[in-house]
Amino acid sequence: MDQLKKPHILLCNDDGIEGEGLHALAASMKKIGNITVVAPAEPHSGMSHAMTLGTPLRIKKYYKNNRFFGYTVSGTPVDCVKVALSQILPSKPDLLVSGINYGSNTATNTLYSGTVAAALEGAIQGITSLAFSLATYENADFSYAAKFARKLSKKVLTEGLPPDTILSVNIPNIPESEIQGILVTEQGRSRWEEDAIERHDVYGNPYYWLNGTLMLLDTSLQHDEYAVRKHYVAVTPISCDFTNRDFMGSLEQWNLKK
């Protein structure tokens, strides 16, 4: 990237164009580059890497306080990245930043996350990409998260990332003075103990709300969720490649036949 030119930064999320974290991120990232915001028209949390097939997508301009803010896409976070690259941007951006998500995306939740998926789609398309998430579902304060997103983005623009790799960053929802430090972490293991809540409509037909408790299986500071719970910022390199190479040798010994 030309050091004399401001970087072009694509911003997206999964909480939708009105997401508070997206607006905090945009205000922060404007200080280091030229931004384009492309986000879902509606919240799409938990969509993972879903994309829309068989249904047309629509792009609309979005205004905040009568000023142009960005574009909405009537689809998923991954749709937003694909549409941004093919229909909105004249060329690939220097950086893609997804977030700031309302709620952490650590451990197994990484697989469910539309925020992380948008960044992974960027990496698949050859764009240096980051995902940021704030570990709370209430009383969110995005000020430090937005500040750290800007700081890390500047570093990544200088240093770069390996191919097909993103950084997924999870930040505690506490004042900056209480942050214990920054840790490079692994994706931890966790499991949801599901508890679907049954309700009935006015006709007596049952419907269900998915609910559950996240059970943490890794409890050391080298793992993302535990680190965040101990008031550290967790920076986790995530790869697009899901291959379990440690098991390949054992699998080959099965001598599978056609």
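Residue numbering: from 1, along the chain as shown.
Each Cβ is built from the backbone N, Cα and C atoms, and glycine gets one as well.
The divalent metal cation binding site annotation in Swiss-Prot covers ASP14, ASP15, SER45, ASN101 and is backed by sequence analysis. The DSSP secondary structure for ASP15 (divalent metal cation binding site) is coil. Remark: ASP15 (divalent metal cation binding site) has GLY21, LEU22, PRO43, HIS44, SER45, ASN101, TYR102, THR115 as non-local neighbours, by Cβ distance under 8 Å and separation of at least 6 in sequence.
With the fewest other C-beta atoms within 10 Å around its C-beta, SER45 stands out among the binding-site residues SER45, ASN101. Shown in sequence order, ASN13, GLY16, GLY19, GLY21, PRO43, HIS44, PRO77, GLY99, TYR102, GLY103, SER113, GLY114, THR115 are the same-chain residues outside ASP14, ASP15, SER45, ASN101 whose Cβ sits within 8 Å of the Cβ centre of the divalent metal cation site. Reduced to three states, the DSSP call for ASN101 (divalent metal cation binding site) is strand. Look at SER45 (divalent metal cation binding site): DSSP puts it in coil.
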